[in-house]
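In Swiss-Prot this protein carries:
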type	residues	note
SIGNAL	1-32	signal peptide
DOMAIN	37-93	domain '4Fe-4S Mo/W bis-MGD-type'
BINDING	Cys44, Cys47, Cys51, Cys79	[4Fe-4S] cluster binding site
BINDING	Lys81, Gln148, Asn173, Cys177, 210-217, 242-246, 261-263, Met372, Gln376, Asn482, 508-509, Lys531, Asp558, 717-726, Asn801, Lys818	Mo-bis(molybdopterin guanine dinucleotide) binding site
BINDING	Phe793	substrate binding site
Amino acid sequence: MNLSRRDFMKANAALAAASVAGLIIPVKNVNAADTSITWDKAVCRFCGTGCAVLVGTKDGRVVASQGDPDAEVNRGLNCIKGYFLPKIMYGKDRLTHPMLRMKNGQYDKEGEFTPVTWDFAFKTMAEKFKSALKAKGPNGVGMFTSGQSTIFEGVAKSKLFKAGLLSNNIDPNARHCMASAAVAFVRTFGIDEPMGCYDDIEHADAFVLWGSNMAEMHPILWSRISDRRLANPDTVSVNVLSTFEHRSFELADLGILLKPQSDLAILNYIANYLIENNAINREFIEKHTKFKRGETDIGYGLRPQDPREQIAKNVKTAGKMYDSSFEEFKKLVAPYTLEKAHEISGVPKEQLEKLAKLYADPNKKVVSYWTMGINQHTRGVWANHLIYNIHLLTGKISLPGCGPFSLTGQPSACGTAREVGTFIHRLPADLVVTKPEHRKIAEKIWKLPEGLISDKLGFHAVAQSRALKDGKMQVLWQMCNNNMQAGPNINEETYPGWRNPDNFIVVSDPYPTVSALSADLILPTAMWVEKEGAYGNAERRTQFWRQQVKAPGEAKSDLWQLVEFSKYFTTDEVWPAEILAKNPAYQGKTLYEVLYLNGQVNQYSNDELKGRLNDEAYHFGFYIQKGLFEEYASFGRGHGHDLADFDTYHKARGLRWPVVDGKETLWRYREGYDPYVKAGEGVSFYGQADKRAVILAVPYEPPAEVPDREYDLWLTTGRILEHWHTGSMTRRVPELHRSFPNNLVWMNPNDAKKRGLKHGDKIKVISRRGEITSYIDTRGRNKCPEGLIYTTFFDAGQLANKLILDATDPISKETDFKKCAVKVVKA
């Protein structure tokens, strides 16, 4: 049989899309085989796509799952990880009791992990918290939390720390992945999160992936893009930019390999091209945008004594923006010619020009997608801005099939970390602790005395590790993440603080992760459908699920842990005496009483459960999830962050906010789609006081570390399809573990040959901060250009993040996991 090139491409891409999406599951057979299985809806535990699943339970266990055919997001499909969701809960080493390091019947930093009661664990924790608060103040204690926590848990922990302990020292691991996107959204539009939705996929003519391997990281969305591309081969294109070739290149019409950090130059070149070729939408620009110029030479978020910080001119004003004009913007991007962009990026000129023409074509609807390649970047905020610039200059924004779209990597990085506000500076609905009027709103809604919430920021993720090491912080509670494996520069900056004898580290986790085994107290955690939950995905969709099975042994949900722990503090112990003197009704109350028995959180009866499982509600005596949600939702209703009522979400397959009069919003800021845009306005970026979005001029600046004679290779890190983050769940699924049991290092064959290496050799990867032992792959799914290697961080036996420099974006404080210098030698 003869196949044309087009037919071959279509067949190959369809096969790739099917395998990536995990379309090997005869889900209908599950129902047919066993009618005694009880099915209920839930949300996938993994990435930020927000796929809906049907969960099958029998005899108190989750025994099956399948894609929910009624869900708009995934339309009945699951990726390979989603298919094996039931097995993440039943690893043989599941934790079932609190475990405290003890010797001779007492806590000892060098002791052995010993089972203790919850009461003993909490009394020990409370003693350490109170001691640290007294010695170091509010930032003496802290929490490192997660974009995997449920919305209810996010509200509970934000209240416990910010309103109870009066400490803003709580930050999520979303700092490592979404902070740059969030900061740039707010700086540009005045409101966080994308204006578009997944429906853009079925409307777009072109997809541009900036630093995103959607084929493996967002496979269900990739299956939709593949379907769109293959059904319209003459009109729809896929364009992929990356520092190495990955599976998304298999479908790409234009695959671009660029040098690390050079995305800044390419994006500025495109802006220059649009202006020089009169391909800008002048009417849109004049009506709906304003120009600003960013501060430059802002450093790399390293320790102040680092020489790179010492020579940077504007470290203290890194986030400052200055009023500007179109003419100044034009002048500032003018140096980014085709020649200069080629010189900096190494990308062939014809490819750069083809990409620029794609954005310039007034008849092409373009969606730009990006993930960690843009966000995990020492200039990640800038890179986000530069993508927005292109869409604002062309007016290709807030329309079906047109817009910039930052994809999230965790199931509720949006819904919990960003919308609830579990960052050191945030409160719900884009409010911030640094603004007095915002604190007053929170105090009123939470029924707290005026002036209680602090304006003092806590330590961001990387700074928490430094503070523990430096003795500025003494207690850390890590919840729903594995930062000892996932964080940067763990040998030099994280581990020393955790094992400092003056510090006390608590880890809440279902499994004995690298973090848990490095802690002093491990709290066993209920996971996924062992609790009632809610997530918010990348397209602003809020989705609920009910508890469907009970957790094993003494394992308790994070929500239970947070609320129960609040009983061990009184206001007299942690609130200022002057505030209590003015508000005597709060004196002597426990934090549990003032935060969770405030007449709002506890107003809903457990009768509403109608006998359904809900361990937390029955323990506390009221429908706590509903109370927390309704209190939280009141922050955003009427302010562009409207959420539907609690009961609606249990009936629906999720709704995209703002939800006004029962109707979700698909495209924000555009008349006819967004209820907050008035008739006749056309477009209104209403998050800004003047309703104008910012077009920001910022330059290319080099990375914090580059290869040299000794460390002669770039290292970039990321994930693979089969595993998620640090593998603490997926490596306990036998099928996923067998499919990819250990980490590898992908290298160009020529680089391997120069070093006397070949495919399969055992090697050492060495940076200025540490080394790992691994195996080389020169033939696999990832194809690296000469001078760059790629590896992952899922393997606890190869702690790849020992190698990573803890440089951050000075504005967002997000870590750059994509660029550092290493050398490779035979082991």
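Including glycine, each Cβ sits where the backbone N, Cα and C put it.
Feature map: Swiss-Prot annotations on the structure.
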| residue | record | Cβ within 10 Å |
| --- | --- | --- |
| Cys44 | [4Fe-4S] cluster binding site | 27 |
| Cys47 | [4Fe-4S] cluster binding site | 27 |
| Cys51 | [4Fe-4S] cluster binding site | 30 |
| Cys79 | [4Fe-4S] cluster binding site | 28 |
| Lys81 | Mo-bis(molybdopterin guanine dinucleotide) binding site | 23 |
| Gly211 | Mo-bis(molybdopterin guanine dinucleotide) binding site | 24 |
| Met372 | Mo-bis(molybdopterin guanine dinucleotide) binding site | 26 |
| Lys531 | Mo-bis(molybdopterin guanine dinucleotide) binding site | 29 |
| Ile720 | Mo-bis(molybdopterin guanine dinucleotide) binding site | 23 |
| Phe793 | substrate binding site | 25 |
Practice problem: Based on DSSP, name the secondary structure state of Glu216 (Mo-bis(molybdopterin guanine dinucleotide) binding site): helix, strand or coil. | Solution: helix
Practice problem: Taking the recorded [4Fe-4S] cluster site as Cys44, Cys47, Cys51, Cys79, identify the other residues of that chain whose CB atom sits within 8 Å of the mean position of the site's CB atoms, giving them in sequence order. | Solution: Phe46, Thr49, Gly50, Asn74, Asn78, Lys81, Gly82, Pro219, Ile220
Quiz item: Which binding-site residues from the set Cys44, Cys51, Phe793 come within 10 angstroms of Lys81 (Mo-bis(molybdopterin guanine dinucleotide) binding site), judged by C-alpha positions?
Solution: Cys44
Exercise. Taking only the Cα atoms, work out how far Cys47 ([4Fe-4S] cluster binding site) lies from Glu216 (Mo-bis(molybdopterin guanine dinucleotide) binding site), in Å, as a whole number.
Key: 11
Self-check item: Other CB atoms within 10 A, centred on Glu245 (Mo-bis(molybdopterin guanine dinucleotide) binding site)
Solution: 21
Quiz item: DSSP on Lys81 (Mo-bis(molybdopterin guanine dinucleotide) binding site), three-state: which is it?
Solution: helix
Quiz item: Just checking: which of Cys44, Cys51, Cys79 have a Cα that is within 10 Å of the Cα of Glu216 (Mo-bis(molybdopterin guanine dinucleotide) binding site), counting only these binding-site residues?
Solution: Cys79
Quiz prompt | Spatial neighbour of Lys531 (Mo-bis(molybdopterin guanine dinucleotide) binding site) that is closest, considering only the binding-site residues Cys44, Cys51, Phe793 and their CA atoms | solution = Cys44
Quiz item: By DSSP, what is the split of the domain '4Fe-4S Mo/W bis-MGD-type' (37-93) into helix, strand and coil residues?
Solution: 9 helix, 20 strand, 28 coil
Quiz item: Tell me, by DSSP, whether Glu245 (Mo-bis(molybdopterin guanine dinucleotide) binding site) is helix, strand or coil?
Solution: strand
